[in-house]
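First comes the structure, then the notes that go with it.
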Amino acid sequence: MGFCRWRIAVAVLLAAEYYLPSSVEADEHEHTYVDKEEVVLWMNTVGPYHNRQETYKYFSLPFCVGTKKTISHYHETLGEALQGVELEFSGLDIKFKDEVMQTSYCDIDLDKAKRDAFVYAINNHYWYQMYIDDLPIWGIVGEADENGEDHYLWTYKKLEIGFNGNRIVDVNLTSESKVKLVPNTRIAMSYSVKWKKSDVKFEDRFDKYLDPSFFQHRIHWFSIFNSFMMVIFLVGLVSMILMRTLRKDYARYSKEEEMDDMDRDLGDEYGWKQVHGDVFRPSSHPMLFSSLIGSGCQIFSVSLIVIIVAMIEDLYTERGSMLSTAIFVYAATSPVNGYFGGSLYAKQGGISQPFPLLPELFSLRLLFLPSHSFSTNKLGYFVLIMCLTSNGRRWIKQMFIGAFLIPAMVCGTAFFINFIAIYYHASRAIPFGTMASSVAVCCICFFVILPLNLVGTILGRNLSGQPNFPCRVNAVPRPIPEKKWFMEPAVIVCLGGILPFGSIFIEMYFIFTSFWAYKIYYVYGFMMLVLVILCIVTVCVTIVCTYFLLNAEDYRWQWTSFLSAASTAVYVYMYSFYYYFFKTKMYGLFQTSFYFGYMAVFSTALGIMCGAVGYVGTSAFVRKIYTNVKID
Ligand SMILES: *[C@@H]1O[C@H](CO)[C@@H](O)[C@H](O)[C@H]1NC(C)=O
């Protein structure tokens, strides 16, 4: 049996295991307790209040651990690991419905070094985060007095836990008893637990973390109404263009002379019809282009599916589940990428072979079907490698580029930020010792994304890879005439992104704020509407841009349509600068690079998505208007 199979099985298992939180051990996963059952207080992270992503392990500050040591195993999901969740047991003895009066659980021997650590944390407004039964709790480390000389540590954690039946539905933390930090003293840390009956339903227990006053529906509706006006205007414009171009043809069939003056002005002597012999010429850099389009289609489907899942299920109630879902959906939608990228490349590359896939299928058959002979396997690899390296197989290269474009971009940024994080010892740094999550991500890339992409590519090449364009492509490219400066592709590209950006920037503010200021985003219905509006606006704008470009007898519409939609990303990235300087109080190398690094990733992904959506819409438009062109 080929060991390839075994490896794929392992990868799928790995992915599945990471994706589905293990449900074997666990009250914490079931969220039900019997009386006096252990309730675990997990200490998560500590970090500056203004830098929400700069987090360190709770015990990186010299806090002391409670006396209770035994603890059941904690299982981390991939999403949590990537988000830097670092749960450590607090050592506090808490039992369900068991009141604890103020009890000291440990002492801190405050020497000079420990005092300095606390003073540093207090001066930087450190706060910490804990979890009880997946409910997050936040507390402040300490306080400085006005002139900043004396520093105080909160030593008493007063927990009030609300229960409803056998479930925990509410947790409040009050910090009390501040103690002045004086070197060479002992500081006793204490806690108390009070249990209260509560009427909050278990399903609604996260509602108190949502912030309806921030996510005001009025603002959302206003923004959507605004964008909707834009949509109506643009759709009107596009249908006018379509009608003009198409009507002219019908008019031509019936009676040539009936063309009105305006038609003659923008008529046949110059204009889009002149470039019919070049408009379906392959774009420059077809490999990169089709990879970008494929990736963009994939990002679009991922966004769509994740938003729908988030609308149906409250993903915010479980740590890291949003990220896990996104990774899972991304892997599962790889065929989309392969299909669109592969078919576009086949159309553009136009390398036709009598039996395009025979050698690949042959080699894959050798590799994947059970065979007991080692030499068959070797032959399979040999043929596959020959296929990969031979020149007529450039589509495989395209498939690799398409499959790894986005993962490489994300991983590259993460890697870079990790280096800075390690320098800072932030808990976001994926520990290089275990690297479990990196290995998992690599496994998903190679054993899930790549094969699925291959399937999509093969389907795409065979089902819609034929370049059946309505017009023939001339052998010699037509020279592009001189034109006004505002008809240059570069100018069109710059202007193209303005309207799509205008239709989303209000929602961007909410999305940024929920990500960077730790408000829970929950109005996914609005997000869905905004996505739909964004797509319509993008398609309309690129169609209009392309129409102007073609009318200027410039046939390089493919990259122009992609880039004019993708330039939305540039505006979003510029907006993120504004957001950083005026809406946040982040500071420090780590947080800054984290912010700008991931904003760049986000903007690029958004840009690729818009570009692909714009291109797909525009190519349908171009195909439509040239279908009726009669070449005399
Ligand atoms: C926590 O605080 C909120 C707001 O002050 C209060 O409504 C709720 O009852 C408290 N919960 C518990 C368990 O004390």
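In case you wondered, yes, glycine gets a Cβ from its N, Cα and C as well.
Per TrEMBL, the features are:
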- 1-26: signal peptide (SIGNAL)
- 221-243: transmembrane segment (TRANSMEM)
- 288-312: transmembrane segment (TRANSMEM)
- 400-424: transmembrane segment (TRANSMEM)
- 430-455: transmembrane segment (TRANSMEM)
- 490-512: transmembrane segment (TRANSMEM)
- 524-550: transmembrane segment (TRANSMEM)
- 562-582: transmembrane segment (TRANSMEM)
- 594-616: transmembrane segment (TRANSMEM)
Taking residues 6+ outside the transmembrane segment (594-616), which of them lie with a CB under 8 Å of any CB in it?
53-54, 292-297, 299-300, 303, 340, 406, 409-410, 413, 416-417, 420-421, 428, 496-497, 500, 516, 534-535, 538-539, 541-542, 558, 561-570, 572-573, 576, 580, 584, 586
For the transmembrane segment (524-550): best-contacting stretch of 288-312, 400-424, 562-582, by Cβ pairs under 8 Å:
288-312
Check for me, if you would, whether the transmembrane segment (490-512) reaches the transmembrane segment (562-582) - at least 3 Cβ pairs under 8 Å, residues 6 or more apart in sequence.
yes
Might you confirm whether the transmembrane segment (221-243) is in contact with the transmembrane segment (288-312), defined here as three or more C-beta pairs under 8 A between residues 6 or more apart in sequence?
no
Cβ contacts under 8 Å made by the transmembrane segment (221-243) with residues that lie 6+ beyond its boundaries:
499, 502-504, 506-507, 526, 529-530, 533, 536-537, 540-541, 543-544, 547, 621, 624-625
